[in-house]
Amino acid sequence: MADNRGFLPGANCPLLNAFTNPGPSNSGEVPSLTGKDTSNNSTSLGAPSRRLWWLLVILNIFFLLVGQTAATLLGRFYYDQGGNSKWMSTLVQTIGFPLLFLALLYLPRSTTSTGSPSTHLLHLLLVYLVLGLIIAGDNLMYSYGLLYLPVSTYSLICASQLAFNSIFAYFLNSQKFTALIFNSVVLLTFSAALLGVNEDSDGSSNLSHKYYVLGFVLTLGASATYALILSLMQLSFDKVIKKETFSAVLDMQIYTAFVATCASLVGLFASGEWRGLQGEMEGFKSGKVSYILTLVGTAVSWQVASIGVVGLVFVVSSLFSNVISTLALPVVPVFAVIFFKDKMNGVMIVAMLIAIWGFASYMYQHYLDDLKVKNDAGQNNGNSSGMEASFKSLAGFQEAARNSDAGTSEGHVTDATSSAHN
C-alpha cells in the first residue's frame with residue numbers, strides 16, 4: 001500500500017509475513033529471508049558483502065522514516081496553506097505508485113512461470129479491484145481526518161490501527177490472541193479514547209466541536225479500514241495468490257494503488273472539486289510553485305516510504321521493519337509541534353506514552369514468536385548449535401539432516417548447510 005502511516009503489523013500482513021531473519025551471518029553472507037534455498041532463485045539479492053547489506057538496511061530505514069514523516073507533514077501543510085480538496089489529498093497518496101517499479105530494479109522479477117490458470121487471473125484481478133477501491137475510500141477518510149485534526153492528534157489516533165489489526169487478524173487470519181496482544185489492544189484503545197475527549201490544542205481550537213469529532217471518527221474509521229485491508233491482503237495471499245515473493249508483494253502494492261488512483265480521479269471529477277483546483281493553486285499562501293511542489297512531494301514521499309517498508313522486509317525481517325515503522329509515532333508529533341505549533345498538553349503526552357507502551361507489547365509478542373520459531377528449528381537439527389541455527393534456512397536444516405542420516409561427518413553437515421546459502 002502507498003500509506004504505511006507507520007503502523008504495519010508484523011505477522012498479519014503479507015508485506016510483513018514470514019520474511020523473518022536476524023541479519024547477516026558471520027560468514028558475511030546475507031541469509032535466505034524466506035527460509036528457502038535461494039541458489040536458483042533469480043529474485044535473490046545474491047551474496048552481497050556485509051557492508052553492502054548494512055548500506056541497504058540504513059538506506060531503507062531512511063526511506064521509511066523520512067517518507068512517512070514527510071508525507072504526513074506535507075499533507076497538513078497543504079491544508080494549512082489554503083488547500084481544501086479532499087479528493088486531491090486522497091489522490092496524491094497513491095498516484096506516485098510508478099515509483100515502486102524502481103524497487104524491482106535492485107531485485108529483478110523471477111522468470112519462473114507459476115502456470116496459473118485463467119480463472120486464477122480473474123480472481124487476482126478481482127482482488128486488486130476490490131482492495132484498490134477500499135484503499136481509495138480509506139485514503140479519503142484519512143484526508144478528512146488530517147483536515148480536521150492537528151497533526152500530532154492525527155498521528156496518535158492512527159496508532160489504533162494496530163489494535164484493529166489484531167482483532168481482524170484473529171477472525172480472518174486465525175491469528176492467535178495472546179495476553180501481550182490483548183494488552184496492546186487495551187492500551188491503544190485507551191490512548192485513542194484519551195485523544196477523543198481532548199480538544200485542548202491550538203490546532204483544534206479554531207474548529208468547532210462538530211468538526212473535531214468528525215475528524216476523530218473518520219481517522220479512527222480509516223485506521224480500522226486500513227487494518228481490515230491488511231488482513232484481507234493476507235487472506236488474498238493465502239487463498240488466491242498463494243505465494244509471498246518480493247515481486248508478488250510489489251504487484252499487490254502497485255496494482256491496488258493503480259485502482260485506488262483511478263477511483264480517486266473519478267471522485268475528483270465527479271465531486272466537482274477539480275473546478276476549484278485552479279483557484280486553489282492561485283490562492284495558495286506560499287505560491288503556485290509551492291502548491292505544485294507540495295502535491296508532488298506528498299506523492300513521492302508516500303511511495304518512498306513504501307519502498308522502505310518492502311526493502312526492510314526483504315533485506316532484514318518483518319519484525320525489524322515493524323519496529324522501525326513505529327519510530328514515526330513520536331517523530332511526527334514532535335515535528336508537528338515545531339512546524340505547525342501544535343500544543344502537546346498533558347493528555348496528549350500521556351496518550352503518546354500509552355501508545356508506545358502498546359506498541360512495545362505488540363513488538364515483544366512478535367519477538368517471542370520469532371524466537372520460538374528459531375528455537376524449534378534449532379531443536380530439529382541436533383548437529384547445529386543454537387547460534388548457528390538462528391542463521392540457517394530451513395533448506396539448510398533439511399539438507400544437513402539428510403547428510404547426517406547418510407553417515408556424513410559433522411564437518412560435512414556444516415558444509416552442506418552452508419551451501420544452502422550459495
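Positions of Cβ are set from backbone N, Cα and C atoms, glycine also.
What TrEMBL records for 25-45, 403-422 is region 'Disordered'. Per TrEMBL, transmembrane segment is recorded for 52-75, 87-108, 120-142, 154-172, 179-197, 209-233, 254-271, 291-316, 323-340, 346-364.
Listed stretches 52-75, 87-108, 154-172, 209-233, 346-364 were compared with the transmembrane segment (291-316); the greatest number of C-beta pairs under 8 angstroms is found for 52-75. Most Cβ pairs under 8 A with the transmembrane segment (254-271) among the ranges 52-75, 87-108, 209-233, 346-364 are made by 87-108.
As a quick check, the transmembrane segment (120-142) and the transmembrane segment (52-75) miss the bar of 3 or more Cβ pairs under 8 A, pairs 6 or more apart, so the two do not touch.
Put simply, of 87-108, 154-172, 346-364, the stretch with the most CB pairs closer than 8 A to the transmembrane segment (179-197) is 346-364.
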